[in-house]
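Visitor: Mind having a look at this structure? Questions to follow.
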Amino acid sequence: MSARRARLGVLVSGGGSNLQALLDAAGQADYPAEVACVLSNVPTAFALERARKAGVRAEVVDHKGFGSKADFEAAVLGVLADAGVEWVCLAGFMRLVSADFLKRFPGRVLNIHPSLLPAFPGLHAQKQALERGVKVAGCTVHYVDAGTDTGPIIAQAAVPVLPEDDEASLSARILAEEHRLYPLAVRLAVTGAVTLDGTRTKVDARVTGDGTALRSPGAPR
Ligand code: GRF
């Protein structure tokens, strides 16, 4: 495809399986985005290996090396600017980004969270879901705002919670959906098929048809 592709900066802290899903999607000729840079605040994150293997710039900005959050974020922003990043995808990035950071990428910071938001924001979402006894769990891709997992929702996918589930089995089932959902949501965002509309998002029906692409395969039609 000759059209210009949006340049993503993917922020990670861990294994990077969602990063891998984005790298794989970006490997398709017709995908509208490329991964320009992967940045980890954890020097040992396996996600960095995934980036290098894909031939993508991999950078470490260790928050422990900075006296303040502002200084840490200034360093992160410096790397993103140098890499020509236009959109930021948080993918298991275990630091909250500040309002000042968001101002540098207005409406262009996305996150994936392993729950059906607004249920179970914050840490250990799958454990929270199990403890609450919900029968359906899932994942959400949303625009990032100044709150924790509170931004406008782009897409969600649901999975069943089975009686025998523990945190590991439920997390694995959700993760498989995350890998499908994040590339889809990024595609919608960077092509303008989804746009911000106050606290919600508007999805262009010409792209998504009847909207089934935004639901999990097993969800009711
Ligand atoms: C995922 O469950 C994601 O939703 C959450 O952190 C986890 C990261 O996993 N924010 P990975 O590093 O992408 O494998």
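Cβ coordinates are placed from backbone N, Cα and C, and glycine is handled just like the others.
Note that the coordinates shown come from a computational prediction; the quantities given were computed from them, not determined experimentally.
In case it's useful when we look at the structure, here is the feature table from TrEMBL:
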ACT_SITE  His113  active site, proton donor
BINDING   Gly16, Ser17, Asn18  N(1)-(5-phospho-beta-D-ribosyl)glycinamide binding site
BINDING   Lys69, Met94, Arg95, Leu96, Val97, Asn111  (6R)-10-formyltetrahydrofolate binding site
DOMAIN    7-186  domain 'Formyl transferase N-terminal'
SITE      Asp149  site 'Raises pKa of active site His'
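Tell me about the setting of these features in this model.
Guide: The Cβ neighbour count for His113 (active site, proton donor), using a 10 Å radius over every protein chain in view, is 23.
Residues within less than 8 Å, Cβ to Cβ, of Asn18 (N(1)-(5-phospho-beta-D-ribosyl)glycinamide binding site) and separated from it by at least 6 positions along the same chain comprise Ala91, Gly92, Ile112, Glu178, His179, Tyr182.
For Lys69 ((6R)-10-formyltetrahydrofolate binding site), applying a Cβ distance below 8 Å and a minimum sequence separation of six or more within one chain yields His63, Ser98.
Within the same chain, residues at least 6 positions away in sequence whose Cβ sits under 8 Å from that of Asp149 (site 'Raises pKa of active site His') are Asn111, His113, Ser115, Leu117, Pro118, Pro121, Gly122, Thr140, His142. Asp149 (site 'Raises pKa of active site His') carries neither a helix nor a strand DSSP state and counts as coil.
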Visitor: Just to verify a number: CA distance, Leu96 ((6R)-10-formyltetrahydrofolate binding site) to Gly16 (N(1)-(5-phospho-beta-D-ribosyl)glycinamide binding site), in angstrom, no decimals.
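Guide: Cα-Cα distance, Leu96 ((6R)-10-formyltetrahydrofolate binding site) to Gly16 (N(1)-(5-phospho-beta-D-ribosyl)glycinamide binding site): 17 Å.
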Visitor: When you measure from each Cβ to the nearest atom of ligand 1, which of the recorded positions Asn18, Asn111, Asp149 fall under 6 angstroms?
Guide: Asn18
Visitor: Excluding Gly16, Ser17, Asn18, please set out which residues of the same chain place their CB within 8 Å of the center of the CB atoms of the N(1)-(5-phospho-beta-D-ribosyl)glycinamide site, keeping sequence order.
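Guide: The surrounding set, listed in chain order, is Val12, Gly14, Gly15, Leu19, Gln20, Ala21, Ala47, Arg50, Ala91, Gly92, His179.
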Visitor: Averaged over the whole of the domain 'Formyl transferase N-terminal' (7-186), what is the pLDDT?
Guide: 98
